[in-house]
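Taken verbatim from TrEMBL:
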- 87-110: domain 'Glucose-methanol-choline oxidoreductase N-terminal' (DOMAIN)
- 89, 203, 460: FAD binding site (BINDING)
- 256-270: domain 'Glucose-methanol-choline oxidoreductase N-terminal' (DOMAIN)
- 384-423: disulfide bond (DISULFID)
């Protein structure tokens, strides 16, 4: 691991992965088994940072002052007026989230066309390294579990990593000692001879070569800057040129649902008119880049009457109900160094409303503009009303009243009209936003960007829905899964080339 851009500048690699986040780290570790890999991350290292590693500081990165270059969470507010965050650290959002690990449903795996056997292997590889069953349930998580069961979110499934109806305890990237294991820990499984990790460096754009004879555009490398440096002082790294017996590697964007579409746009792939307004030369016109942005609408209810000095408490249990359409979790989140609030949150698992992402500027370190259009679709509003009624019921359960030593809570609102107003006013994020480089419209089923050779996108920007209760498990799995697929393909390619040479 290095933060010295000069150690990387001018060098060539088999693969360049942009974004050392939830998906990028397992992908880099897997590809390094056979190939040279550069993993480039705009943030710093998570190691030695108690705000990332220590469970007692869960939620603190979300309330920390956002320093433009070095805070581990970068804030943004969508055009809907809802504040949100994205990871800016090696490990990505797996370094700042609640650590809740739960697999995608079998239906999701089938729908996206993945190989079930390889998916299972990839999940198990991740789980053997960074996932832990809870050593014990905290008092608040036990109470939340009882309140879900009391409200009728059944059956009770105990400890279970699968996406199944009812109430369950799931895995966590926090171990029994309260230490977080981010996706960065998976880099230890890579081949250190083949793997270079460059931190505190931000990719400015992709370098392309246009082959006039074949009329094809090929990604041949990246331009990058120091994250705390000048946007005009750029460095370059390249994809190795293939020899006769090998195929060429790829530039792979794993910069997240905001970062990957933003980088495609900054590199000249997107809607022609929008790019022209920023004087970005067009490389390939693609209107769909940045379209189909979604964020799961969330309603969170504070069940305590006032802030108290309780220890932050990430979720350990989940309720999956209403035909998998509503997911409920509970936590204690800090407001400040010595005050926190106890909450129950629910999200709409499969919203219909969609939005878009556009450039705000040409500095890759700054946020693009994004609008999710929360609850714009009437189905989403109906689900939100249903969800709020359910949260009302849970918040007024005997289990919670007993835990807080208070009488049962008053109802939030009574009639449908008031509940719709409540939803509109209180909708928030649960940080599971996705889309912008969707499979089908921007990339194919192998995650190759349409119309460009040697360029892939692999992260939450390719999802049309958020898998499981929380997407982290599936993004970790996807990095490993696609890494294995690429290794298999390259092996097939090289054996075909050897056969050709022999004949």
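Using the three backbone atoms N, Cα and C, a Cβ is placed for every residue, glycine included.
Each of the binding-site residues 89, 203 was scored by other CB atoms within 10 A of its CB, and the lowest score goes to 203. Distances between the Cα of residue 423 (disulfide bond) and those of the binding-site residues 89, 203, 460 are shortest for 460. For the pair residue 203 (FAD binding site) and residue 384 (disulfide bond), the Cα-Cα distance reads 38 Å. By neighbour count, meaning other C-beta atoms within 10 Å, the densest spot among the disulfide-bonded residues 384, 423 is 384.
Within the same chain, residues 1, 19-25, 41-46, 49, 52, 55, 58, 61-62, 71-74, 116, 119, 123, 127, 131, 161-163, 168, 170-174, 180, 182-185, 197, 199, 256, 314-316, 318, 324, 329, 331, 431, 465, 467-470, 472-474, 476-477 sit at least 6 positions outside the domain 'Glucose-methanol-choline oxidoreductase N-terminal' (87-110) and bring their C-beta atoms closer than 8 Å to a C-beta of that stretch.
Secondary structure of the domain 'Glucose-methanol-choline oxidoreductase N-terminal' (256-270) per DSSP (helix as H, G, I; strand as E, B; remaining residues coil): 11 helix, 2 strand, 2 coil. Long-range Cβ neighbours of residue 460 (FAD binding site) (same chain, at least 6 residues apart, Cβ-Cβ under 8 Å): 22, 23, 256, 257, 433, 434, 435, 466, 471, 475. For the FAD site, whose annotated binding residues are 89, 203, 460, the maximal Cα to Cα separation is 18 Å.
The two recorded residues, residue 384 (disulfide bond) and residue 89 (FAD binding site), have Cα atoms 33 Å apart. When pLDDT values are averaged over the domain 'Glucose-methanol-choline oxidoreductase N-terminal' (256-270), the model yields 98. For the domain 'Glucose-methanol-choline oxidoreductase N-terminal' (87-110), the number of residues in each DSSP class (helix H, G, I; strand E, B; coil) is 9 helix, 4 strand, 11 coil.
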